[in-house]
Each structure stands twice: as structure tokens, then as C-alpha cells.
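Participant: Feature table excerpt (Swiss-Prot):
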- 27-47: region 'Disordered' (REGION)
- 163, 337, 366, 367, 388: (2R)-2-phosphoglycerate binding site (BINDING)
- 205: active site, proton donor (ACT_SITE)
- 242, 285, 312: Mg(2+) binding site (BINDING)
- 337: active site, proton acceptor (ACT_SITE)
């Protein structure tokens, strides 16, 4: 009854108006599952490859008809008849069928759509919420949201080099209260920026994208917004950034155009450390470029005891690369993006490896998103404790937050919000 009987795909649009793949997997029982695949703007060079058509006369070359054809042709031919409850077998069949290291034959976008839709179909067949099907009876931790409220870098047309400035409502007692705090801070920030004559248009992930004098000014605006909303920076709301340093790393140096600085790896680390000493900044993602392995090691040694050092481009959700990082002392946390690796099974393998090594995990969206909220369920399924899914506007971001509200309601008293644990770990609010 849980046998896959059909696999269908279509080309839809993501939050940037670019094509992406949506897949539907149907079972003999009549149950089905649907999944849409996200896409990134700042990408790691070793990510699994999303297949694009390259026809400049159609969607400027970004069409995904080839990936759709692969799903409905070769992939469907090979997985129809398989049991949707055997996720590992389905994903291994996809991997073997593609036969490449970076999934560039069938396309990671084609493969991931099938993988996630299969999991949804299986959950629907059993009659379980997706988070519980994926994680089991102990899935109960509601994640701390990393809310991106000021955008820069590749996500916004402004003069900020750091790609994301985020707030983390660690002092909230529940996820729903954390979401309320974030929304209030977001609206207060908008008012503060507008009062000073700044444009309040938003970037790809829903954060504001003002032209500011410096990165320091961005931090100061956020601190003011937290206080204006009636909260205490540090004990109630911590800060996080995604530097996306690979985007401004050239010839072995970090070129900060907004600051008019060219820094060595050590100088870049010192520049970031200065922010952690003056603001309640507890998490830094991609503070070093993916190719600056020695810089990553130095940063981890200097800051790893007091700051969450998150690897995104450097690890690309790949268990083999993560294993090397663990062995060589690179980072203490990993960002998890499903489409960087291309199947659900490989994603879960990476998370297990990270947790086994004592690394924290942050489940993440991409800058090109859809209304699909799979990652909200995944964050709870894995008890990850943290989720990064954008700002407090744009429905593609809010879809994930709203799903977490539903999950919190479903868990009722059994649900645990991770914020107080993070606050305790980082000593926030201590004298």
C-alpha cells in the first residue's frame, strides 16, 4: 500500500521569480506528498549541482525543464514500485542512478524534490505529522529562530559586506513568544530606519537593506530596535551574523568595500572578535572563506570557546567535508541546507555526524525559497535547536515560522523551546 505508483514534477517559481522544481509522489494507497526545492544566491563551490537549462531565451537561462524531465523520465522509471517507507533505499537509488559526486547528471534539484516528496508521502500514509515521522517520539525541541533583519552582501544592493545581521530571542519562554519578540523588534527597526531617512525596502530574505556608514551602525540600529521594543540585548535577545566571507575573499585577502579595508585572515578574525566584545554577538557563520582552511582553524581556536562558529560554504552539508573539518578543528557548528547535498538521507547522516562530534546544528533556508515548510518540520524532527529562515516579512519566510507555531501547538506541554538552553550556554544575562 505504501508502494510508489507515480512521480510527477513541474516547473514553479521561487521567491526571486526564478524557476525551481516541485515534485509530487503518489502511493498505491492514494496518499501523496509534494515538495518544492529552494535555491541559493551565495553558494559554496562544492555544493551539489542544481540543473538549469541554460536557454537564454527562456527565464534568462534559469529554466529547470531538464530537471523536470529527469524526474518524470529516468527517476520515475527507477523508483516507481519502491516502498516510500524505505527512505534510505529510495535515496540510495537516486544517488546510484545519478552516478556523479556532485549530482550534476540528474541535478540535485531533481533528486531532492523526489527525496522530500517521498518522505511527505510516507508520513501522510502513516498518518503522522512530518516532524514526528522524520524524528520519532522524542522530537520535541522548538528551535531558536535566527531572524535576518538587516541584509547586505549578495542578498541586498547596499554597501554592507556582511550578508546577514540576525536576532535570536533566546530569552523567550516559548517559540510563539520568540516570534512575537522578533516581529516587534523588526517593526521597531523599520520605524527607526525610516525616521533617519533610510530606505526600508527589503532584501531577498525579508530583512531591511539600508545604506549605512559602517557595519557598526547596523549593529547599533539593531540594539536600539531591541531596546525600543522593550527587550534587553543579551539576556533576552542575542545577535548573530552571516559574513558570507567567500563572497569578498580574493587573492588571499578579505576585501571589505563598505569599510574600505583589505584584511588578512588574522585581521579579519580580529575585526569580527571586536564585534563580539562590544555586542551580544554569539554566532558567526562563514566568518572565513571556504578556501581559507587555516583561517577557519585560527578562528575556531581564538573564538570557539565563547562563540558559535558556523560552517556553511566550508562544509556544504557534506559528511565527507565535515569529517575533515572535525579532524582538523574547523568550526564548532554546521549550517544544514538540504539542497547543498541533494537527498534527505545524506542530510540526516551529516547531522548525526555533527552531533556526534559535539557540533551544534542550524537548519537553514536558502535565499530563493518557496512556500514549502519542510525545514520547519526537519528542525523539530532533529531537535536541532536552531533554525535560520529569514525575516518577519515575505510569506516564503513566514511559512516556516507559521508551521513551527502549528508544531508547537501540536506538541503542547511536551514541547521545549531551546532559547533558555542557549542563553545558559553562552552565559547571557549573567553578572
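Backbone N, Cα and C define each Cβ position, glycine as well.
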Participant: Quick one: of the recorded positions 205, 242, 285, 312, which has its CA closest to the CA of residue 163 ((2R)-2-phosphoglycerate binding site)?
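Facilitator: For residue 163 ((2R)-2-phosphoglycerate binding site), the spatially nearest of the recorded positions is 242.
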Participant: Taking the Cβ of residue 285 (Mg(2+) binding site) as the centre, how many other Cβ atoms fall within a 10 Å radius?
Facilitator: 28
Participant: In the three-state scheme derived from DSSP, which category covers residue 366 ((2R)-2-phosphoglycerate binding site)?
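Facilitator: Where residue 366 ((2R)-2-phosphoglycerate binding site) sits, the three-state DSSP reduction gives coil.
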Participant: What whole-number Å value do you get for the CA-CA distance of residue 205 (active site, proton donor) and residue 367 ((2R)-2-phosphoglycerate binding site)?
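Facilitator: Distance between the two Cα atoms comes out at 6 Å.
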Participant: How many other Cβ atoms are found within 10 Å of the Cβ atom of residue 242 (Mg(2+) binding site), counting all protein chains shown?
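Facilitator: So the Cβ neighbour count for residue 242 (Mg(2+) binding site) comes to 29.
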Participant: Quick one: pull the CA-CA distance for residue 367 ((2R)-2-phosphoglycerate binding site) versus residue 242 (Mg(2+) binding site), whole Å only.
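Facilitator: Taking the Cα atoms only, residue 367 ((2R)-2-phosphoglycerate binding site) lies 13 Å from residue 242 (Mg(2+) binding site).
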Participant: If I take the alpha carbons of residue 242 (Mg(2+) binding site) and residue 366 ((2R)-2-phosphoglycerate binding site), what is the distance between them in whole Å?
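Facilitator: Taking the Cα atoms only, residue 242 (Mg(2+) binding site) lies 13 Å from residue 366 ((2R)-2-phosphoglycerate binding site).
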Participant: Taking the centroid of the Cβ atoms of 242, 285, 312 (Mg(2+) site), which other same-chain residues have Cβ within 8 Å of it?
Facilitator: 163, 164, 241, 243, 244, 284, 286, 310, 311, 313, 335, 364, 388
Participant: Give me the Cα-Cα distance between residue 312 (Mg(2+) binding site) and residue 337 ((2R)-2-phosphoglycerate binding site), rounded to a whole Å.
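Facilitator: One finds 8 Å between the Cα atoms of these residues.
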Participant: Given the binding-site residues 337, 366, 388, and counting only Cβ atoms in the protein chains shown, which has the most within 10 Å of its Cβ?
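Facilitator: Of 337, 366, 388, the one with the most crowded Cβ is 388.
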Participant: Which of the three DSSP states, helix, strand or coil, fits residue 242 (Mg(2+) binding site)?
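Facilitator: Strand, per DSSP.
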